[in-house]
Amino acid sequence: MGSVGDKIDLESDEEIPFSSSHATNKIDSLHFEAAHMTSPRSFYSSRVLRNMHQIRSFRSIYIVILRAKINVLLPFGPLAILLHYITKTHEWVFFFSLVGITPLAERLGYATEQLAFYTGPTVGGLLNATFGNATEMIISLYALNNGMMWVVKQSLLGSILSNMLLVLGCAFFCGGIVHHQKVQVFSKATALVNSGLLLMAVMGILFPAVLHFTHTEVHFGKSELALSRFSSCIMLVAYASYLFFQLTGQQNLYSSIDEDRENNAEDSDEEEAPEITKWEAIGWLAILTVSISVLSGYLVDAIQGASDSMNMPVSFISVILLPLVGNAAEHASAIMFAMKDKLDITLGVAIGSSTQISMFVIPFCVVVGWFMGKPMDLNFQLFETATLFITVLVVAFMLQEGTSNYFKGLMLILCYLIVAASFFVHVDPSKG
């Protein structure tokens, strides 16, 4: 028995070092295999991530650039720059710049709408109004830097007139044709607030013009400029108060808008969802803004030469042609929302954009001109001021019922045609 037990002990003693070395060899081999197995896996995963980023980038380029049919006009922008340095023919540079900016302005509106999905409806509406007017602001700053104050005034005036008469008129007309079997309604509270702000803007623009043409200034040439700068600061404070009011207070005035949006979203067959990510939208906003800035410089430089070559008044180019490009995004989106029976969003696009230009962009240009040493004021001349005043009154009367139909849209379009014909035969007195 003892020998057997000793034999077992000896066998066990002999197997212990052998088994431990074997185990360590197995462990080492496992670590070696694990190292060789995990490194290809991590390499493969990083390669997959790189491929996914490339695919996402290509998809973003396809959605923003290649898919939109209006982008067939994009080559006109580089062609305008090329013509500027080769031929110096101002009318073709102006025409190609005008056509080339159109798809950029439309894509800028699209990128803003995509970013609005991530910011909420209130901030999204503010972003839509701000970047929707980015083209007009960029063109105005370029013209202001070149000392062309009359182009700044008339292009911003034309943008207001275009939004209030042409954009809103086309939206009402198309919406009324599509929904002819019912009366389309919108929030009267929002329309009244915007109408009040527009009338306040008319007040700020009217008094310097009246002061100038009645020759009742205390210091000729100085009182008008001082009043314009003071009124611009007051208008900026009023617009900031309006934004604070809209973002934080009295949400019950806008509850009907949200309810209509929810009902329309339930009835809509297609679910609205963002097509690009938030950072992609921000990147495209930066790229498109820089592109519009570059092309706007060539556009502004060619305005005077194009006017002389085509025998067309600068006032008609500034008030009618330039806003058609800047309002391309608003025009398309306002009509689309009206045809979907979302008139509150249509008003936010058309009237909200006019409110922002009159209460923010125009006073902002006056303050910027103040810092630049440019005599930019609020004297838009008598004819232009009267046109703006009558337009605000007409639109305010159209909106006071809170309903819309195709006949109201047709009247607004016809009013815009009268305005366009008036500026075609009008020469800006400050041109000389």
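Cβ coordinates come from backbone N, Cα and C, glycine included.
Unlike curated records, TrEMBL annotations are generated automatically.
The annotation domain 'Sodium/calcium exchanger membrane region' is assigned in TrEMBL to 92-247 (among others).
The domain 'Sodium/calcium exchanger membrane region' annotation in TrEMBL covers 281-423 (among others).
The transmembrane segment annotation in TrEMBL covers 60-86 (among others).
Sequence-distant neighbours of the transmembrane segment (92-110) (same chain, 6+ residues past either end, Cβ-Cβ under 8 Å): 64-65, 68, 70-80, 83-84, 128, 131-132, 134-135, 284-285, 288-289, 291-292, 295-296, 298-299, 301-303, 305-306, 317, 321-322, 325-326, 328-330, 332-333. What TrEMBL records for 92-110 (among others) is transmembrane segment.
Annotation comment: TrEMBL describes 122-144 (among others) as transmembrane segment.
Taken from TrEMBL, the feature transmembrane segment covers 156-179 (among others). Counting same-chain residues at least six beyond the ends of the transmembrane segment (156-179), those with a Cβ under 8 angstroms from any Cβ of the stretch are 133, 136, 140, 318-320, 322-324, 326-327, 330-331, 334-335, 337-339, 341, 343, 346-347, 349-351, 353-354, 357-358, 361-362, 365, 380, 384, 387-388, 391-392, 394-395, 404-413, 415-416, 419, 423.
What TrEMBL lists as transmembrane segment is 191-214 (among others). Remote same-chain partners of the transmembrane segment (191-214), defined as residues 6 or more beyond its termini with a Cβ less than 8 Å from a stretch Cβ, comprise 223-224, 227-228, 231-232, 234-235, 238-239, 242, 253, 347, 351-352, 354-355, 358-359, 362-363, 377-382, 385, 388-389, 392, 395-396, 399-400, 402.
If you look at the transmembrane segment (226-245), the same-chain residues 6 or more away from its ends with a CB under 8 A from one of its CBs are 126, 193, 197, 200-201, 204, 207-208, 211, 355-356, 359-360, 362-364, 366-367, 370, 376-379. For 226-245 (among others), the entry in TrEMBL reads transmembrane segment.
Annotation source TrEMBL lists transmembrane segment at 281-300 (among others). Panel annotation: around the transmembrane segment (281-300), residues 60, 64, 77, 80-81, 84, 93-94, 97-98, 100-101, 104-105, 107-108, 111-112, 114-115, 118, 131, 134-135, 138-139, 142-143, 146, 148, 151, 274, 322 of the same chain, lying at least six beyond its termini, place a Cβ under 8 Å from a Cβ of the stretch.
Under the heading transmembrane segment, TrEMBL lists 312-338 (among others).
Below 8 angstroms of C-beta separation, residues 125, 128-130, 132-133, 136-137, 140-141, 144-145, 149, 152-153, 156, 159-160, 163-164, 167-168, 171, 175, 186-187, 190-191, 194-195, 197-198, 200-202, 204-205, 228-229, 231-233, 235-236, 238-239, 242, 257, 261, 327, 330, 333-334, 337-338, 378, 395, 399 of the same chain, each at least six residues beyond the ends of the transmembrane segment (345-372), sit close to that stretch. Marked as transmembrane segment by TrEMBL: 345-372 (among others).
Annotation source TrEMBL lists transmembrane segment at 378-399 (among others).
Only residues 6 or more beyond the boundaries of the transmembrane segment (406-427), in the same chain, are considered here, and those with a CB under 8 A from a CB of the stretch are 158, 161-162, 164-166, 168-177, 180, 312-316, 319-320, 383, 387, 391, 394-395, 398. Marked as transmembrane segment by TrEMBL: 406-427 (among others).
Across the domain 'Sodium/calcium exchanger membrane region' (281-423), DSSP classifies residues as 120 helix, 2 strand, 21 coil. Tertiary proximity for the transmembrane segment (312-338) is limited to same-chain residues at least six positions away from its ends with a CB under 8 Å from its CB atoms, namely 94, 98, 101-102, 105-106, 108-110, 112-113, 128, 132-133, 135-136, 139, 150-151, 154-155, 157-159, 161-163, 166-168, 170-172, 174-175, 178, 184, 299, 303-304, 306, 345-346, 349-350, 353, 384, 404, 419-420, 423-428, 431.
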